[in-house]
Amino acid sequence: MKNLYLFLAVTATAFSWAQVPNASFEEFTGYGNETRFWGPNPIIISITIPIDGGPSVATPTIVYEEGTYNYCFFTDEAHTGNRAMELRNAYNLTDAVVVPGKMILFNEDQGSTTASGWNAGYQMTPETVVEGLGFYYKFFPMGNDVAQAKIELFNSSSGLVGSAVVNLSGTHSEYTYAWSPIQLLSDDVPTFMRVDFSMTDGISSPTLGSRLVVDDIATVNVVLSDATLSQKQFQVYPTLADHEINLVKGSGISDGSKSVEIFTADGKSVSNQLIEFFGNNPAKINVSTLSHGIYFLRIENNVLKFVKR
């Protein structure tokens, strides 16, 4: 049976989506190796009665909006693919206050635990490129809400090396691209990164009913002008053979030999081939050794995402 290929073309200045695990939220998360969804403790009610006869202590009663089961969850309202991440607020009935939703993306496996014992985020490799934080989002505030996205880089001792912050306000019913460059605080080599999304910037008051939808997180700026895309991007197509794909260059790209590198979704290089391009003729790329999964193809600062099924 022939393999089927699904292709999503993205032009970027460097290797992008693969820098963040499960950045398009397509994979269901399993313990220890994928993006984590975290928020305030979703306790409904708990009462503690001390043995010494002292007063009982009740934890706050937290309720969620109708039809939801947590602060953060998958949604099919995707920018690309089939899934995106949705974040909402909850309500503390005990204290009569809105509880802002929050989600932290990091890897919980042993490799992301630093010398200090604190998990500083997703472990970076020398090939990891982090220029800032970019993503596509929709925002539906019910009041004057200001949501916030943040990326932080840490050294091996959990010290903060740099960060980027994006504040989101106003209604955006269609997907909008947001980008903020990293502001470095030291010359230390970053070894971990963590990405946070919150329904408040710490100053504004969250409102019950507000929604934030996020998809396609990137650590390099993936948006270029239409003129650049039409002339300098590459496009990839399936072939009749199950072990090949075709790569076609744009009119603004010169002929000749070019290095084509393929990465797995977690940034591991699995293929590096020198391919000859001439005019509009398609160049064939051998992918027979690839297993099923998501891959990124990089050529001349262009990145193409494809799924081998």
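Any Cβ shown, glycine's included, is placed from N, Cα and C.
The domain 'Secretion system C-terminal sorting' annotation in TrEMBL covers 236-307. Among the features that TrEMBL reports, signal peptide is placed at 1-18.
Residues belonging to the domain 'Secretion system C-terminal sorting' (236-307) score a mean pLDDT of 78 in the model. Helix first, then strand, then coil: DSSP counts for the domain 'Secretion system C-terminal sorting' (236-307) stand at 0 helix, 44 strand, 28 coil.
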